[in-house]
Amino acid sequence: MDSPSPIEIRNLSKTYRLGFLMNRQVRALQSLDLSLMPGQVYGLLGPNGAGKSTTIKILLNLVQPSEGEARLFGLPPSDREARRRVGYVPENPAPYEYLTGREFVTLSGRLNGLSGKELDDRVSEVLGMVQMTRAANLQIRRYSKGMVQRVALAQALVSKPALLILDEPTSGLDPVGRRQIRDLILEERHRGTTVLFCTHIIPDVEALCDRVAVLVGGRRVREGSVAELVSAQTTHVEMTVEGLPLEHIQAMGITLEMARPLENRVLLHVRESDAQPLLKHVLEQGGRVTQLHPARFSLEELFLRALEEAKQGPVGGEIS
Amino acid sequence: MGPFIALALNGFREARRNRVTLLVAIFALAMLMSTTLVLEITVGTFDRVITDVGLGAMSLMLVLLAIFLSSGLISREIERRTIFLMVSKPLSRGAFLVGRLAGNMLTVTVLQLLMAALFFAMMSFYESPISPAHLAAVGMLWFELWVLSAVGFLMSSFSSQMVSAFVTVSVYFAGHLSSDIYKLASKSESGAIQALGKAVYYVLPDLSRFNYRPHATYYAPVTSSELLSAAAYGMAFTGVLVALAVVLFNRRDFR
């Protein structure tokens, strides 16, 4: 029998009731479906208020869904056994400031059921992994933001989780801190840990994720691997031709989206479907193609386009 | 060490790191100054005055401490966002809540033991007789602290520290008057006032049941049945409040 998916989300919706009389409703998530394969690094990409953190909080039993269901390893998030296999770093993590880094990671280990020498060894190991051994005995109130983030990651790793859930793990960090966190996520992937992380930092998604879902206004508007998402969005093919004047090329009857004669060559933009026929004609007529490449949206452009599209349609937010 | 004990010990460590234990030093100082002063101005009533001052100071400090600690217990976790790292762990919300309350009560208990040891040491030093009523006064104060902590704790599970502290202080004063309110209302000819008096008596904790300070001051006798009944009442009241807090906390979203 197949082992259950680390995360399975079906038709998940959340509407918050706000205000003193709870009569104001804000829709944070709408009919979300999501499935993670073991060992995958999955990114939830979206602007602020897209529903990324709400999704994560439902998975961790911090928020109850209004509709639909979420499952961790086939179990509901309210099941302690499901959460025992999860390590979580919230956005702007706030460990107890009166504790030292080592004490906080030890407390987390205890709450995860570890004890004795196994706990002590594991605490030292994860503090080493996040490069916090030297500062481990300082109170957390003396830590910089990057150090707090690393201790938060250590407490998430202490129980050797099969699933890591990270909410904006690199936000607010300097480039060195970001690099360290990214390296740690990659190390965890090599160990076979499944990672779900949400962010609005696109380079992190490109560097880390196997698959990505783009959320806007509580809805999933795109989903796929980074390569799939960007290759599915080829805008045009750029071709550089030498040995043929522009007039000859225009006479071939293929629609040119852009044609620019340069010193001894012609730069052309054509639709992807027209690229092969144009290439054939150019070669048949003695021309030489010195450059040919599909121009694709970057993930950032894709993200911005998804945002624009979502603005045209119904989105989440205040509904009454 | 299980998660529950880990949380309780962590609560005690929090109080210690936040220098709550300084209260014991303040208590010792208050006792020392008052006895010095009392020796100068009292003739023949020294035993009563030292009992009054000692038990009064102990009660005041511990009640304020219990209110301060319990009213911010959960609301502080939410405001500082520490709750996200704790409630997501593989333990039930009920276990988390009760573990935190146990940490509070461990702090209060340790401080009370230290203060009581100081108080009785002072009484022994001045050869002031210690009666069963003295022990009852200290013991019953402990149950009163449980009830007050449970009130603050319940309020803290759904409101801010300020509101929780205000309500808990109000309950403290009203709770010491609830039996008087009941007696007064029962003498009224109006059925509505009688019902209101009864409602106030049953909803509010009757904190006067835990007040054995006058017995200690006047060396009055105390019966064990009276003490047992008050202790059972205190623990039952606390149990109901904690159960209510767990129900409310379980339904809560942490956005």
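Cβ atoms here come from the backbone N, Cα and C positions, even for glycine.
Whatever TrEMBL says is automated annotation, not expert-curated.
Long-range Cβ contacts of the transmembrane segment (B:20-41) within its own chain (Cβ-Cβ under 8 Å, at least 6 residues beyond either end) map to 49-50, 53-54, 57-58, 61, 65, 69, 107, 111, 114-115, 118-119, 122, 126. The transmembrane segment annotation in TrEMBL covers B:20-41 (among others).
When Cβ-Cβ distances below 8 Å are used as the criterion, the transmembrane segment (B:53-74) is approached by residues 15, 20, 23, 26-27, 30-31, 34-35, 38, 83, 97, 100-101, 104, 107-108, 111-112, 115-116, 119, 122-123, 134, 137-138, 141, 144-145, 148-153, 155-157, 161, 164-165, 168-169, 172, 213, 216-217, 249 of the same chain, each at least six residues removed from its ends. Summarising the annotation, TrEMBL assigns transmembrane segment to B:53-74 (among others).
If you look up TrEMBL, you'll see B:95-121 (among others) marked as transmembrane segment. Within the same chain, residues 3-12, 14-16, 20-21, 23-24, 27-28, 31, 54-55, 58, 61-62, 65-66, 69-70, 73-74, 77, 86-87, 89, 130, 134, 138, 141-142, 145-146, 149-150, 153, 157, 242, 245-246, 249 sit at least 6 positions outside the transmembrane segment (B:95-121) and bring their C-beta atoms closer than 8 Å to a C-beta of that stretch.
Sequence-remote contacts of a segment are chain residues at least 6 beyond its ends whose Cβ falls under 8 Å from one of its Cβ atoms, and for the transmembrane segment (B:133-155) they are 51, 55, 58-59, 62-63, 66-67, 69-71, 73-74, 97, 101, 104-105, 108-109, 112, 116, 119-120, 123, 163-165, 167-168, 171-172, 175, 205, 207, 209-213, 215-216, 219-222, 227, 230-231, 234-235, 237-238, 241-242, 244-245, 248. The transmembrane segment annotation in TrEMBL covers B:133-155 (among others).
Annotation source TrEMBL lists transmembrane segment at B:162-179 (among others).
Residues or ranges marked as transmembrane segment in TrEMBL: B:227-249 (among others). A Cβ distance under 8 Å defines the sequence-distant neighbours of the transmembrane segment (B:227-249), meaning residues of its chain 6+ beyond its ends; these are 74, 93-94, 97-98, 101, 136, 139-140, 143-144, 146-147, 149-151, 153-154, 156-158, 205-206, 209-210.
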(request) Please indicate, using numbers and ranges, the residues of the same chain that are 6 or more beyond the transmembrane segment (B:162-179) and have a C-beta under 8 Å from a C-beta there. (result) 63, 67-68, 70-72, 75, 147-148, 151-152, 155-156, 200-201, 204-209, 211
